[in-house]
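Student: Below you will find the structure I want to go over with you.
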Amino acid sequence: MSSAHFNRGPAYGLSAEVKNKLAQKYDHQREQELREWIEGVTGRRIGNNFMDGLKDGIILCEFINKLQPGSVKKINESTQNWHQLENIGNFIKAITKYGVKPHDIFEANDLFENTNHTQVQSTLLALASMAKTKGNKVNVGVKYAEKQERKFEPGKLREGRNIIGLQMGTNKFASQQGMTAYGTRRHLYDPKLGTDQPLDQATISLQMGTNKGASQAGMTAPGTKRQIFEPGLGMEHCDTLNVSLQMGSNKGASQRGMTVYGLPRQVYDPKYCLTPEYPELGEPAHNHHAHNYYNSA
């Protein structure tokens with residue numbers, strides 16, 4: 001079985017458009033720099049076609065073993081497809097342990113099936129940057145920035161909690177001195193002025209505004225009876241049947257003659273009803289002959 005079995009056919013439509021865009025990002029100048037670097041480290045010739053020379057994974061495994069000895073334990077020299085894919089997989093695992101980020105690493109099919117040579121080139125450039133960071137003399141890639149860690153004593157860290165950073169703005173030298181807890185009473189006087197004893201509770205401070213001389217004298221608790229007369233005038237025993245003008249006018253109406261709710265009410269006035277003068281039944285003056293009585297059989 002030859003490696004041509006894994007080569008894909010031509011792409012069409014959207015797949016062809018994506019493949020062309022990826023191919024346009026491929027940098028041939030970077031390819032030449034990577035070729036010189038890999039050949040200089042391994043001492044082996046890659047060949048005319050750069051990607052085809054790396055396709056079996058043998059040179060890649062030897063290359064990572066030079067950068068990090070013992071990274072790949074076994075390198076398959078066979079021409080079988082699965083052996084070549086195994087070499088590429090071992091190379092990917094080795095550079096991951098070496099420090100290359102997973103999102104910078106290509107997939108095995110990107111190289112073996114010629115699907116994304118641009119990603120393969122990006123992975124080799126990331127490997128060059130990591131090698132330069134570790135101290136290898138490489139003319140390819142960019143050296144990663146080193147971490148600048150700072151360690152502070154616990155006392156310094158505690159002092160920093162009391163400082164308001166300029167990123168939060170400025171408090172214009174204001175403080176919370178004299179502030180009380182949420183919901184507690186706040187005094188509206190200054191102890192430095194000798195007015196520690198507050199005024200009586202009946203006096204409304206000017207800081208609260210003015211009540212225009214009004215007071216709560218004569219006010220009663222909610223729900224209690226309120227007298228609508230002046231005690232000084234001796235009007236405590238007024239007639240409770242009279243409706244005060246403060247409540248409106250009843251137009252002279254009263255409840256005289258009204259009965260308790262539910263009792264029968266007489267709908268006639270005795271002044272307009274005459275008393276009968278003829279003798280009633282059973283009285284001596286009653287004429288019994290004027291009436292006919294029949295026995296009910």
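Keep in mind that glycine also has a Cβ here, set from the backbone N, Cα and C atoms.
So Swiss-Prot says this about it:
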DOMAIN    28-131  domain 'Calponin-homology (CH)'
MOD_RES   Thr170  phosphothreonine
MOD_RES   Ser175  phosphoserine
MOD_RES   Thr180  phosphothreonine
MOD_RES   Thr184  phosphothreonine
MOD_RES   Thr259  phosphothreonine
REPEAT    164-189  repeat 'Calponin-like 1'
REPEAT    204-229  repeat 'Calponin-like 2'
REPEAT    243-268  repeat 'Calponin-like 3'
Student: To what whole number does the mean pLDDT across the repeat 'Calponin-like 2' (204-229) round?
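Tutor: Here the mean pLDDT over the repeat 'Calponin-like 2' (204-229) amounts to 67.
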Student: What does DSSP say about Thr180 (phosphothreonine): helix, strand or coil?
Tutor: coil
Student: Ranked by the number of other Cβ atoms within 10 Å of their own Cβ, which of the modified residues Thr180, Thr184 ranks first?
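Tutor: Its Cβ has the most other Cβ atoms within 10 Å: Thr180.
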Student: List the residues of the same chain that sit at least 6 positions away from Ser175 (phosphoserine) in sequence and have their Cβ under 8 Å from its Cβ, in sequence order, or write 'none'.
Tutor: none
